[in-house]
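Among the features that Swiss-Prot reports, signal peptide is placed at 1-24, with the record citing sequence analysis. Here Swiss-Prot flags 34-51 as disulfide bond, drawing on similarity to another entry. Per Swiss-Prot, the feature N-linked glycosylation site maps to 38. What Swiss-Prot lists as domain 'Cupin type-1' is 65-215. The feature Mn(2+) binding site is assigned by Swiss-Prot to 113, 115, 120, 161.
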């Protein structure tokens, strides 16, 4: 009887350990691809998404042109991000990957931000970048590296990270992300540009500054 109880407890413990892993894992694909359909008119419902009828899929559904061309840099931080994700390359649906091109002006940066659903791996195509990420609480450890052309750096999923052009000429980088739609939370505009605005007194206490400093920042980032 005691042996049976021990066996039951062992099995229960094993189930408790493996169940969270099972729940956290994405389901395996049941088809070669699932090109996202803009409407359900010519689609089939697979794995929670409307997918284009495979018989209507063409090579263009897996194609995105133009990453060889830089977009104008008009942002105050001096960078432009061109994203290729499931929103503009429908064939990425269910494939768990996306791509971005980042152009940096001289002294430009891709400011501190995080991707809530993806790990990022970045390669420098042109120029020199200072990159880094910060670990979670309580250590908040900073890892930084200077990257030159051809160098690669990885940013773990969910951690705050950044890139800054420290060269004397414009820079270009490409990055792959482990999600078809990784999302992005840029820290400064998210905190100070929230809509509706976060109470300045809350942010003043969090950042240990005068509320007038917070209100000035909120004015700058107001959408």
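Backbone N, Cα and C define each Cβ position, glycine as well.
Features recorded in Swiss-Prot, as mapped to the structure shown.
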| residue | record | Cβ within 10 Å |
| --- | --- | --- |
| 34 | disulfide bond | 25 |
| 38 | N-linked glycosylation site | 10 |
| 51 | disulfide bond | 22 |
| 113 | Mn(2+) binding site | 18 |
| 115 | Mn(2+) binding site | 23 |
| 120 | Mn(2+) binding site | 22 |
| 161 | Mn(2+) binding site | 22 |
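A gap of 30 Å separates the Cα atoms of residue 113 (Mn(2+) binding site) and residue 38 (N-linked glycosylation site). If you check the recorded positions 34, 38, 51 against residue 120 (Mn(2+) binding site), none has a Cα inside 10 Å of its Cα.
Looking at residue 161 (Mn(2+) binding site) and residue 34 (disulfide bond), their Cα atoms lie 32 Å from each other. Looking only at the domain 'Cupin type-1' (65-215), the predicted model's pLDDT averages out at 97. Between residue 51 (disulfide bond) and residue 38 (N-linked glycosylation site), the C-alpha separation comes to 9 Å.
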